[in-house]
Amino acid sequence: MHSRQQTIFALSSGRPPAALAIVRVSGPEAAIVLERIAGRLPPPRQAMRALLHDASAQPIDDAIVLWFPAPRSATGEDVAEFHIHGGRAVLSAVIAAIGTNENLRAAEPGEFTRRAFENGKLDLTEAEGLDDLIHADTERQRRQALRQLQGLLGDRARDWRGEIIAASALVEAAIDFADEGDVPDELIAPAKAKIEILLDEIEDVLAQEGRSEKLRDGLVVAITGPPNVGKSTLMNQLARREVAIVSPHAGTTRDIIEVHLDLDGYPVTVIDTAGIREAIDPVEQEGVRRARSRAAEADLRLWLVDAQAAGDGEDALRAWMAQGQNGFWVVRNKVDVAGEPTGELSATGWPCFSISAANGRGVAELIAALGKFAAAHLGGESALITRARHRDLLRQTADALGRAIDLPEQVELIAEELRIAAHRLGQLLGRVDVEDILDVIFREFCVGK
(Lines of atoms letter the chains of each structure in order from A and count residues from 1; the text may use other names and numbers.)
(Lines give C-alpha, C1' and ligand atoms only; values in the text may rest on other atoms or scores of the structure.)
Protein backbone atom coordinates (compact mmCIF):
# COMPACT_ATOMS: atom_id res chain seq x y z
CA MET A 1 0.00 0.00 0.00
CA HIS A 2 1.25 3.47 -0.88
CA SER A 3 2.13 5.95 1.84
CA ARG A 4 -0.43 8.66 2.53
CA GLN A 5 2.51 11.07 2.90
CA GLN A 6 3.23 10.90 -0.82
CA THR A 7 1.97 13.59 -3.14
CA ILE A 8 -0.44 12.33 -5.78
CA PHE A 9 -1.71 13.73 -9.07
CA ALA A 10 -4.29 12.82 -11.71
CA LEU A 11 -6.62 14.17 -14.35
CA SER A 12 -9.79 15.13 -12.45
CA SER A 13 -12.02 15.99 -15.40
CA GLY A 14 -13.27 14.17 -18.48
CA ARG A 15 -10.98 12.52 -20.96
CA PRO A 16 -9.56 14.60 -23.83
CA PRO A 17 -10.16 16.06 -26.28
CA ALA A 18 -12.25 18.69 -24.50
CA ALA A 19 -12.41 22.44 -24.13
CA LEU A 20 -10.77 22.28 -20.70
CA ALA A 21 -9.06 19.74 -18.47
CA ILE A 22 -8.30 19.85 -14.74
CA VAL A 23 -5.22 18.22 -13.25
CA ARG A 24 -5.17 17.98 -9.46
CA VAL A 25 -2.16 17.55 -7.17
CA SER A 26 -2.58 16.76 -3.45
CA GLY A 27 0.01 16.30 -0.75
CA PRO A 28 3.04 17.94 0.88
CA GLU A 29 4.84 18.60 -2.45
CA ALA A 30 1.87 20.33 -4.13
CA ALA A 31 3.20 23.86 -3.54
CA ILE A 32 6.66 22.98 -4.90
CA VAL A 33 5.17 21.44 -8.05
CA LEU A 34 2.89 24.40 -8.67
CA GLU A 35 5.66 26.94 -8.18
CA ARG A 36 8.05 25.07 -10.50
CA ILE A 37 5.56 24.75 -13.35
CA ALA A 38 3.62 28.03 -12.99
CA GLY A 39 6.53 30.21 -11.84
CA ARG A 40 4.96 31.28 -8.55
CA LEU A 41 2.16 30.47 -6.14
CA PRO A 42 -1.14 32.31 -6.59
CA PRO A 43 -2.90 33.77 -3.53
CA PRO A 44 -4.73 31.00 -1.64
CA ARG A 45 -8.08 30.06 -3.18
CA GLN A 46 -7.75 32.62 -5.98
CA ALA A 47 -7.43 31.85 -9.68
CA MET A 48 -4.26 33.05 -11.42
CA ARG A 49 -3.38 32.99 -15.10
CA ALA A 50 0.04 31.50 -15.75
CA LEU A 51 2.20 30.28 -18.61
CA LEU A 52 3.16 26.73 -17.67
CA HIS A 53 6.69 25.45 -18.35
CA ASP A 54 8.30 22.03 -18.26
CA ALA A 55 11.60 21.18 -16.53
CA SER A 56 13.59 22.52 -19.48
CA ALA A 57 11.74 25.87 -19.36
CA GLN A 58 9.81 25.12 -22.55
CA PRO A 59 6.30 26.65 -22.51
CA ILE A 60 3.42 24.15 -22.36
CA ASP A 61 0.14 26.05 -22.09
CA ASP A 62 -1.49 29.32 -21.08
CA ALA A 63 -3.55 28.13 -18.11
CA ILE A 64 -5.37 28.98 -14.90
CA VAL A 65 -3.88 27.67 -11.65
CA LEU A 66 -5.25 27.54 -8.10
CA TRP A 67 -3.67 26.94 -4.72
CA PHE A 68 -5.52 25.52 -1.68
CA PRO A 69 -3.30 25.28 1.43
CA ALA A 70 -4.23 22.67 4.03
CA PRO A 71 -6.56 22.20 5.77
CA ARG A 72 -8.98 24.33 3.72
CA SER A 73 -8.97 22.13 0.66
CA ALA A 74 -11.00 19.29 -0.82
CA THR A 75 -8.68 16.63 0.61
CA GLY A 76 -7.57 18.44 3.76
CA GLU A 77 -4.01 18.50 2.35
CA ASP A 78 -2.18 21.09 0.25
CA VAL A 79 -3.86 20.99 -3.16
CA ALA A 80 -2.87 22.54 -6.49
CA GLU A 81 -5.04 22.58 -9.59
CA PHE A 82 -4.05 23.21 -13.20
CA HIS A 83 -6.99 24.26 -15.44
CA ILE A 84 -5.57 23.75 -18.90
CA HIS A 85 -6.76 23.43 -22.49
CA GLY A 86 -8.15 19.95 -22.97
CA GLY A 87 -6.17 18.67 -25.94
CA ARG A 88 -4.37 15.34 -25.64
CA ALA A 89 -0.93 16.83 -26.32
CA VAL A 90 -1.40 19.62 -23.77
CA LEU A 91 -2.58 17.19 -21.11
CA SER A 92 0.26 14.77 -21.79
CA ALA A 93 2.82 17.57 -21.50
CA VAL A 94 1.39 18.85 -18.20
CA ILE A 95 1.20 15.34 -16.73
CA ALA A 96 4.78 14.70 -17.83
CA ALA A 97 5.98 17.97 -16.27
CA ILE A 98 4.28 17.13 -12.97
CA GLY A 99 5.62 13.59 -13.00
CA THR A 100 9.25 14.69 -13.24
CA ASN A 101 9.10 16.02 -9.67
CA GLU A 102 10.37 13.76 -6.91
CA ASN A 103 8.08 12.13 -4.36
CA LEU A 104 5.08 12.27 -6.68
CA ARG A 105 3.06 9.40 -8.08
CA ALA A 106 -0.14 8.91 -10.04
CA ALA A 107 -3.24 8.69 -7.87
CA GLU A 108 -5.16 5.45 -7.47
CA PRO A 109 -8.93 5.28 -8.12
CA GLY A 110 -10.78 7.21 -5.42
CA GLU A 111 -7.61 8.25 -3.62
CA PHE A 112 -8.43 11.97 -3.46
CA THR A 113 -11.78 11.14 -1.85
CA ARG A 114 -10.18 8.64 0.50
CA ARG A 115 -7.75 11.30 1.71
CA ALA A 116 -10.67 13.67 2.22
CA PHE A 117 -12.36 10.97 4.32
CA GLU A 118 -9.23 10.28 6.35
CA ASN A 119 -8.79 14.00 7.00
CA GLY A 120 -12.37 14.40 8.24
CA LYS A 121 -13.70 16.30 5.23
CA LEU A 122 -16.56 13.85 4.82
CA ASP A 123 -17.79 10.68 6.51
CA LEU A 124 -18.13 7.29 4.86
CA THR A 125 -21.82 7.70 4.02
CA GLU A 126 -21.02 11.00 2.29
CA ALA A 127 -18.17 9.37 0.36
CA GLU A 128 -20.59 6.68 -0.78
CA GLY A 129 -23.01 9.42 -1.80
CA LEU A 130 -20.29 11.02 -3.91
CA ASP A 131 -19.64 7.69 -5.63
CA ASP A 132 -23.36 7.30 -6.31
CA LEU A 133 -23.52 10.85 -7.68
CA ILE A 134 -20.70 10.12 -10.12
CA HIS A 135 -22.47 6.98 -11.32
CA ALA A 136 -26.03 8.40 -11.35
CA ASP A 137 -27.74 7.86 -14.71
CA THR A 138 -31.15 9.38 -13.96
CA GLU A 139 -32.49 12.49 -12.26
CA ARG A 140 -33.88 10.64 -9.25
CA GLN A 141 -30.62 8.77 -8.76
CA ARG A 142 -28.84 12.13 -8.84
CA ARG A 143 -31.18 13.62 -6.23
CA GLN A 144 -30.80 10.65 -3.91
CA ALA A 145 -27.01 10.63 -4.24
CA LEU A 146 -26.80 14.37 -3.59
CA ARG A 147 -28.88 14.01 -0.41
CA GLN A 148 -26.48 11.34 0.77
CA LEU A 149 -23.45 13.48 -0.13
CA GLN A 150 -24.96 16.39 1.80
CA GLY A 151 -25.10 14.25 4.94
CA LEU A 152 -28.75 13.18 5.14
CA LEU A 153 -27.92 9.79 6.67
CA GLY A 154 -24.63 10.84 8.27
CA ASP A 155 -26.22 13.70 10.22
CA ARG A 156 -28.99 11.44 11.53
CA ALA A 157 -26.47 8.76 12.51
CA ARG A 158 -24.35 11.31 14.40
CA ASP A 159 -27.44 12.56 16.23
CA TRP A 160 -28.45 9.00 17.14
CA ARG A 161 -24.95 8.20 18.32
CA GLY A 162 -24.93 11.33 20.49
CA GLU A 163 -28.24 10.30 22.09
CA ILE A 164 -26.90 6.80 22.75
CA ILE A 165 -23.80 8.25 24.42
CA ALA A 166 -26.04 10.48 26.56
CA ALA A 167 -28.10 7.45 27.60
CA SER A 168 -24.88 5.56 28.28
CA ALA A 169 -23.76 8.31 30.66
CA LEU A 170 -26.92 7.80 32.72
CA VAL A 171 -26.39 4.04 32.78
CA GLU A 172 -22.73 4.40 33.75
CA ALA A 173 -23.79 6.68 36.61
CA ALA A 174 -26.28 4.03 37.68
CA ILE A 175 -23.45 1.46 37.70
CA ASP A 176 -21.60 3.61 40.23
CA PHE A 177 -24.66 3.50 42.49
CA ALA A 178 -25.06 -0.24 41.85
CA ASP A 179 -21.65 -0.81 43.42
CA GLU A 180 -23.22 0.48 46.61
CA GLY A 181 -26.17 -1.93 46.25
CA ASP A 182 -28.70 0.62 45.00
CA VAL A 183 -29.71 1.24 41.36
CA PRO A 184 -31.67 4.51 41.25
CA ASP A 185 -34.68 4.34 38.93
CA GLU A 186 -34.36 8.06 38.19
CA LEU A 187 -31.23 7.20 36.14
CA ILE A 188 -32.35 4.01 34.37
CA ALA A 189 -35.87 5.22 33.49
CA PRO A 190 -34.79 8.32 31.49
CA ALA A 191 -32.03 6.30 29.82
CA LYS A 192 -34.54 3.70 28.63
CA ALA A 193 -36.93 6.46 27.53
CA LYS A 194 -34.19 7.88 25.28
CA ILE A 195 -33.43 4.41 23.93
CA GLU A 196 -37.08 3.72 23.09
CA ILE A 197 -37.37 6.97 21.11
CA LEU A 198 -34.16 6.16 19.20
CA LEU A 199 -35.31 2.63 18.47
CA ASP A 200 -38.61 3.91 17.04
CA GLU A 201 -36.76 6.35 14.76
CA ILE A 202 -34.33 3.72 13.48
CA GLU A 203 -37.12 1.18 12.94
CA ASP A 204 -39.01 3.79 10.90
CA VAL A 205 -35.96 4.20 8.67
CA LEU A 206 -35.51 0.44 8.34
CA ALA A 207 -39.17 0.12 7.32
CA GLN A 208 -38.40 1.85 4.01
CA GLU A 209 -38.22 -1.66 2.50
CA GLY A 210 -34.98 -1.17 0.62
CA ARG A 211 -36.49 1.18 -1.96
CA SER A 212 -33.53 3.55 -1.95
CA GLU A 213 -31.14 0.64 -2.36
CA LYS A 214 -33.19 -0.40 -5.37
CA LEU A 215 -33.07 3.11 -6.82
CA ARG A 216 -29.27 2.87 -6.96
CA ASP A 217 -29.40 -0.24 -9.14
CA GLY A 218 -32.74 0.21 -10.88
CA LEU A 219 -35.59 -2.17 -11.59
CA VAL A 220 -35.19 -5.11 -13.95
CA VAL A 221 -38.04 -5.91 -16.36
CA ALA A 222 -37.84 -9.14 -18.39
CA ILE A 223 -39.68 -9.61 -21.68
CA THR A 224 -40.63 -13.30 -21.73
CA GLY A 225 -43.01 -15.60 -23.54
CA PRO A 226 -43.15 -18.17 -26.34
CA PRO A 227 -40.89 -17.84 -29.41
CA ASN A 228 -41.74 -15.56 -32.31
CA VAL A 229 -44.37 -13.43 -30.57
CA GLY A 230 -42.51 -10.15 -31.11
CA LYS A 231 -40.33 -9.83 -28.01
CA SER A 232 -37.39 -8.40 -29.97
CA THR A 233 -39.66 -6.00 -31.85
CA LEU A 234 -41.05 -4.74 -28.54
CA MET A 235 -37.50 -4.40 -27.22
CA ASN A 236 -36.60 -2.20 -30.17
CA GLN A 237 -39.72 -0.08 -29.58
CA LEU A 238 -38.81 0.47 -25.94
CA ALA A 239 -35.20 1.31 -26.83
CA ARG A 240 -36.29 3.48 -29.79
CA ARG A 241 -33.52 1.89 -31.82
CA GLU A 242 -32.61 -1.52 -33.19
CA VAL A 243 -30.90 -3.47 -30.43
CA ALA A 244 -32.33 -6.91 -31.19
CA ILE A 245 -32.52 -8.94 -34.41
CA VAL A 246 -36.08 -9.29 -35.68
CA SER A 247 -36.81 -12.41 -37.75
CA PRO A 248 -39.92 -14.41 -38.71
CA HIS A 249 -38.08 -17.56 -37.64
CA ALA A 250 -38.68 -18.77 -34.09
CA GLY A 251 -35.66 -18.96 -31.79
CA THR A 252 -33.75 -16.01 -33.26
CA THR A 253 -32.89 -14.54 -29.85
CA ARG A 254 -30.53 -16.93 -28.10
CA ASP A 255 -28.74 -14.64 -25.69
CA ILE A 256 -29.95 -11.96 -23.30
CA ILE A 257 -30.07 -8.37 -24.58
CA GLU A 258 -30.29 -5.43 -22.16
CA VAL A 259 -31.52 -1.87 -22.63
CA HIS A 260 -31.37 0.83 -19.95
CA LEU A 261 -34.32 3.21 -19.78
CA ASP A 262 -34.91 6.43 -17.87
CA LEU A 263 -38.61 6.52 -16.96
CA ASP A 264 -39.34 9.87 -15.32
CA GLY A 265 -36.01 9.72 -13.52
CA TYR A 266 -36.32 6.09 -12.47
CA PRO A 267 -33.72 3.64 -13.86
CA VAL A 268 -35.20 0.55 -15.51
CA THR A 269 -33.24 -2.21 -17.25
CA VAL A 270 -35.28 -4.17 -19.80
CA ILE A 271 -33.99 -7.59 -20.86
CA ASP A 272 -35.05 -9.46 -23.99
CA THR A 273 -34.87 -13.21 -23.43
CA ALA A 274 -34.99 -16.29 -25.61
CA GLY A 275 -38.46 -17.66 -26.32
CA ILE A 276 -39.64 -20.15 -23.71
CA ARG A 277 -40.18 -23.53 -25.37
CA GLU A 278 -38.80 -27.05 -25.40
CA ALA A 279 -35.76 -26.54 -27.62
CA ILE A 280 -33.78 -29.25 -29.40
CA ASP A 281 -30.81 -27.15 -30.50
CA PRO A 282 -28.23 -27.15 -27.61
CA VAL A 283 -27.47 -23.46 -28.18
CA GLU A 284 -31.15 -22.54 -27.98
CA GLN A 285 -31.53 -24.77 -24.91
CA GLU A 286 -28.83 -22.74 -23.17
CA GLY A 287 -30.59 -19.52 -24.21
CA VAL A 288 -33.86 -20.77 -22.71
CA ARG A 289 -32.07 -21.77 -19.50
CA ARG A 290 -30.52 -18.31 -19.18
CA ALA A 291 -33.84 -16.68 -20.00
CA ARG A 292 -35.61 -18.56 -17.22
CA SER A 293 -32.83 -17.71 -14.75
CA ARG A 294 -32.75 -13.97 -15.52
CA ALA A 295 -36.52 -13.67 -15.69
CA ALA A 296 -36.81 -15.34 -12.28
CA GLU A 297 -34.59 -12.60 -10.81
CA ALA A 298 -36.46 -9.73 -12.49
CA ASP A 299 -38.71 -7.35 -10.57
CA LEU A 300 -41.36 -7.59 -13.28
CA ARG A 301 -41.97 -10.01 -16.14
CA LEU A 302 -43.84 -9.00 -19.29
CA TRP A 303 -45.37 -12.20 -20.66
CA LEU A 304 -45.77 -11.48 -24.38
CA VAL A 305 -48.28 -13.49 -26.41
CA ASP A 306 -49.65 -13.37 -29.93
CA ALA A 307 -53.10 -11.76 -29.80
CA GLN A 308 -54.16 -14.07 -32.64
CA ALA A 309 -53.52 -17.09 -30.44
CA ALA A 310 -53.35 -15.73 -26.91
CA GLY A 311 -54.35 -19.04 -25.38
CA ASP A 312 -51.16 -20.66 -26.72
CA GLY A 313 -49.12 -19.01 -24.00
CA GLU A 314 -51.56 -19.61 -21.17
CA ASP A 315 -50.28 -23.02 -20.10
CA ALA A 316 -46.66 -21.83 -19.95
CA LEU A 317 -47.69 -18.72 -18.01
CA ARG A 318 -49.65 -20.73 -15.48
CA ALA A 319 -46.71 -23.13 -15.14
CA TRP A 320 -44.44 -20.22 -14.19
CA MET A 321 -47.02 -18.93 -11.74
CA ALA A 322 -47.31 -22.39 -10.17
CA GLN A 323 -43.55 -22.27 -9.48
CA GLY A 324 -44.10 -19.23 -7.28
CA GLN A 325 -43.14 -16.63 -9.89
CA ASN A 326 -44.82 -13.28 -9.29
CA GLY A 327 -44.85 -9.82 -10.82
CA PHE A 328 -46.37 -10.71 -14.20
CA TRP A 329 -48.01 -8.48 -16.75
CA VAL A 330 -49.65 -10.06 -19.78
CA VAL A 331 -48.95 -8.20 -23.03
CA ARG A 332 -50.97 -9.18 -26.12
CA ASN A 333 -49.02 -8.29 -29.24
CA LYS A 334 -49.96 -8.02 -32.94
CA VAL A 335 -53.37 -6.44 -32.32
CA ASP A 336 -52.89 -4.57 -35.60
CA VAL A 337 -53.41 -7.93 -37.34
CA ALA A 338 -55.69 -9.74 -34.91
CA GLY A 339 -58.01 -6.89 -34.00
CA GLU A 340 -59.62 -7.26 -30.58
CA PRO A 341 -57.68 -9.98 -28.73
CA THR A 342 -59.30 -13.21 -27.66
CA GLY A 343 -58.39 -15.78 -25.03
CA GLU A 344 -58.72 -16.01 -21.29
CA LEU A 345 -55.33 -14.74 -20.14
CA SER A 346 -56.98 -11.82 -18.36
CA ALA A 347 -58.50 -14.37 -15.99
CA THR A 348 -55.06 -14.84 -14.41
CA GLY A 349 -55.65 -11.63 -12.49
CA TRP A 350 -52.48 -9.96 -13.77
CA PRO A 351 -52.60 -6.59 -15.60
CA CYS A 352 -53.16 -7.04 -19.35
CA PHE A 353 -52.06 -4.73 -22.17
CA SER A 354 -52.80 -4.84 -25.89
CA ILE A 355 -50.11 -3.53 -28.23
CA SER A 356 -48.66 -3.70 -31.69
CA ALA A 357 -44.89 -3.77 -31.40
CA ALA A 358 -44.72 -3.42 -35.19
CA ASN A 359 -46.43 -0.02 -35.45
CA GLY A 360 -46.16 1.17 -31.84
CA ARG A 361 -49.85 1.03 -30.97
CA GLY A 362 -50.32 0.79 -27.21
CA VAL A 363 -46.58 0.96 -26.49
CA ALA A 364 -46.77 4.46 -24.99
CA GLU A 365 -49.44 3.25 -22.55
CA LEU A 366 -47.24 0.28 -21.62
CA ILE A 367 -44.25 2.57 -21.00
CA ALA A 368 -46.40 4.88 -18.86
CA ALA A 369 -47.50 1.88 -16.79
CA LEU A 370 -43.87 0.82 -16.37
CA GLY A 371 -43.06 4.32 -15.13
CA LYS A 372 -45.83 4.11 -12.51
CA PHE A 373 -44.60 0.66 -11.47
CA ALA A 374 -41.08 2.05 -11.02
CA ALA A 375 -42.36 5.02 -9.00
CA ALA A 376 -44.27 2.67 -6.70
CA HIS A 377 -41.29 0.39 -6.08
CA LEU A 378 -38.39 2.84 -5.83
CA GLY A 379 -37.44 5.30 -3.12
CA GLY A 380 -39.10 8.54 -2.13
CA GLU A 381 -37.56 11.92 -1.39
CA SER A 382 -36.98 11.18 2.32
CA ALA A 383 -35.27 7.80 1.94
CA LEU A 384 -32.05 7.40 3.94
CA ILE A 385 -30.72 3.91 3.31
CA THR A 386 -29.06 3.46 -0.08
CA ARG A 387 -26.78 0.46 0.51
CA ALA A 388 -27.00 -2.96 2.13
CA ARG A 389 -24.12 -1.90 4.41
CA HIS A 390 -26.28 0.88 5.86
CA ARG A 391 -29.23 -1.44 6.41
CA ASP A 392 -27.12 -4.15 8.07
CA LEU A 393 -25.47 -1.75 10.52
CA LEU A 394 -28.72 0.02 11.38
CA ARG A 395 -30.40 -3.35 11.96
CA GLN A 396 -27.58 -4.34 14.32
CA THR A 397 -27.92 -0.98 16.08
CA ALA A 398 -31.66 -1.47 16.51
CA ASP A 399 -31.17 -5.02 17.79
CA ALA A 400 -28.71 -3.82 20.44
CA LEU A 401 -31.09 -1.05 21.54
CA GLY A 402 -33.95 -3.53 21.72
CA ARG A 403 -31.93 -5.83 23.94
CA ALA A 404 -31.02 -2.90 26.19
CA ILE A 405 -34.71 -2.04 26.63
CA ASP A 406 -35.66 -5.64 27.44
CA LEU A 407 -33.05 -6.01 30.18
CA PRO A 408 -34.65 -5.25 33.56
CA GLU A 409 -32.06 -3.62 35.85
CA GLN A 410 -28.89 -5.38 34.76
CA VAL A 411 -27.09 -2.10 34.28
CA GLU A 412 -23.76 -3.61 33.19
CA LEU A 413 -25.48 -5.51 30.38
CA ILE A 414 -27.49 -2.44 29.38
CA ALA A 415 -24.25 -0.44 29.19
CA GLU A 416 -22.66 -3.11 26.99
CA GLU A 417 -25.60 -3.12 24.55
CA LEU A 418 -25.41 0.66 24.30
CA ARG A 419 -21.68 0.43 23.58
CA ILE A 420 -22.46 -2.04 20.78
CA ALA A 421 -25.11 0.29 19.33
CA ALA A 422 -22.78 3.31 19.40
CA HIS A 423 -20.02 1.21 17.83
CA ARG A 424 -22.27 0.12 14.95
CA LEU A 425 -23.16 3.73 14.18
CA GLY A 426 -19.45 4.58 14.31
CA GLN A 427 -18.89 1.89 11.69
CA LEU A 428 -21.68 3.36 9.58
CA LEU A 429 -19.91 6.74 9.62
CA GLY A 430 -16.54 5.11 8.98
CA ARG A 431 -14.98 6.16 12.26
CA VAL A 432 -14.27 2.72 13.76
CA ASP A 433 -13.28 -0.74 12.49
CA VAL A 434 -13.82 -0.15 8.77
CA GLU A 435 -10.31 -0.47 7.34
CA ASP A 436 -11.22 -3.77 5.68
CA ILE A 437 -14.03 -2.20 3.62
CA LEU A 438 -12.39 1.11 2.70
CA ASP A 439 -10.40 -0.37 -0.18
CA VAL A 440 -13.58 -1.92 -1.59
CA ILE A 441 -15.58 1.31 -1.38
CA PHE A 442 -12.97 3.69 -2.78
CA ARG A 443 -11.93 1.29 -5.53
CA GLU A 444 -15.34 1.98 -7.13
CA PHE A 445 -14.32 5.59 -7.79
CA CYS A 446 -12.65 6.71 -10.98
CA VAL A 447 -9.04 7.89 -11.07
CA GLY A 448 -8.83 11.60 -10.24
CA LYS A 449 -11.71 11.59 -7.76
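Each residue, glycine too, has its Cβ placed from N, Cα and C.
When secondary structure is read from DSSP and collapsed to three states, Arg24 ((6S)-5-formyl-5,6,7,8-tetrahydrofolate binding site) falls in the strand class. For Arg24 ((6S)-5-formyl-5,6,7,8-tetrahydrofolate binding site), the same-chain residues lying six or more positions away in sequence with a CB closer than 8 A to its CB are Phe9, Ala10, Ser12, Val79, Ala80, Glu81, Phe112, Gly448. Annotation source Swiss-Prot lists (6S)-5-formyl-5,6,7,8-tetrahydrofolate binding site at Arg24, Glu81, Lys121, Lys449.
What Swiss-Prot records for 218-375 is domain 'TrmE-type G'.
Residues or ranges marked as GTP binding site by Swiss-Prot on the basis of sequence analysis: 228-233, 247-253, 272-275. A helical conformation is recorded for Lys231 (GTP binding site) in the three-state DSSP classification.
The Mg(2+) binding site annotation in Swiss-Prot covers Ser232, Thr253.
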Secondary structure at Glu81 ((6S)-5-formyl-5,6,7,8-tetrahydrofolate binding site), reduced by DSSP to three states: strand
Candidate with sparsest Cβ neighbourhood (10 Å radius) among Asn228, Ser232, the listed binding-site residues: Asn228
Distance [Cα-Cα, Å, rounded] between Lys121 ((6S)-5-formyl-5,6,7,8-tetrahydrofolate binding site) and Ser232 (Mg(2+) binding site): 49
